[in-house]
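Engineer: What TrEMBL lists as transmembrane segment is 31-51, 72-92, 104-124, 136-158, 173-194, 206-227, 233-253.
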Amino acid sequence: MDILLVSLAAMIASSVSLVSGFGLGTVLLPAFALMMPLPTAIAAAALVHLLQSGFKLLATGRAAQWGIVVRFGLPAVAGSLAGASALVVLGTGPELAVPWGADVLMTVKPLNVAVGLILIAFALGDRPIARTGQSLPVAVGGLFSGFLGGVSGIQGALRSAVLSRVGLDKTAFIATGAVTAALVDTSRVLVYGLSAADALAGAPPALLASAIIAAALGVAVGTRVVGKMTDQAVHTVTRGLLVVFGGLLCVGVL
């Protein structure tokens, strides 16, 4: 039953993340955490996420805007590593207990609220932050989203928030995000590889393999769905998911 539930969650989340650029880690980590120690769950989710980035790269990478990959993706990698280092030094910051209903307290992190508001602002804005030929705004967006993502752990949503405002068509948006995700995930593995490998040793092999296979199937399904969507539909879905995700961060659900 555990394998079935994880596989279903991985396939659905992988399909959605093929379109939007985020969501797989958000779904997989809590699912894994119910079945294994948290360090092992984090390592397992990171491995599936890395491989899914590879699957997306194979499926869509040829359509990437390589100029944007260089100007956005490389600063995003640098920002991600800097943000992760800052997280190790500074911690995640304070947490606030907020009443949610009669007998329920939600734990809200001010950092997550800030990220949530940024996601909502990007999603609801109409004006592009840059055109594809403008280097500086794209590079600043990559560095900013990478650093804030490294500190908060919310990489994909921030990346999609910026890329959705750069004026890319649906295939270039998805492919450029996939290449950037693969670069960020690979850099994190290179930095944290040994400790992650030790933690991963405790993951049930069958559960991990099923999640990887399901993520690959999700990419295949998502690719077929995207082929039937217009550019506007892809951006509308992405922005809608950013608003929902940002709202859940603000109220402490995520």
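Quick reminder: no glycine exception, Cβ is built from N, Cα and C everywhere.
Curation does not apply to TrEMBL; its annotations are automatic.
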Engineer: Using Cβ atoms and a strict cutoff of less than 8 Å, what residues sit near the transmembrane segment (31-51) while being 6 or more residues removed from its termini?
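Structural biologist: Distant Cβ neighbours of the transmembrane segment (31-51) are 2, 5-6, 9-10, 24-25, 182, 185-186, 188-189, 192, 196-197, 199-200, 202-204, 207-208, 211-212, 215-216.
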Engineer: For the transmembrane segment (136-158), could you work out the same-chain residues 6 or more beyond its ends whose Cβ comes under 8 Å from its Cβ atoms?
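Structural biologist: Apart from its flanks, the transmembrane segment (136-158) reaches 17, 21-25, 68, 71-87, 90, 111-112, 115, 118-119, 129-130, 166, 177, 180-181, 184, 242, 245-246, 249.
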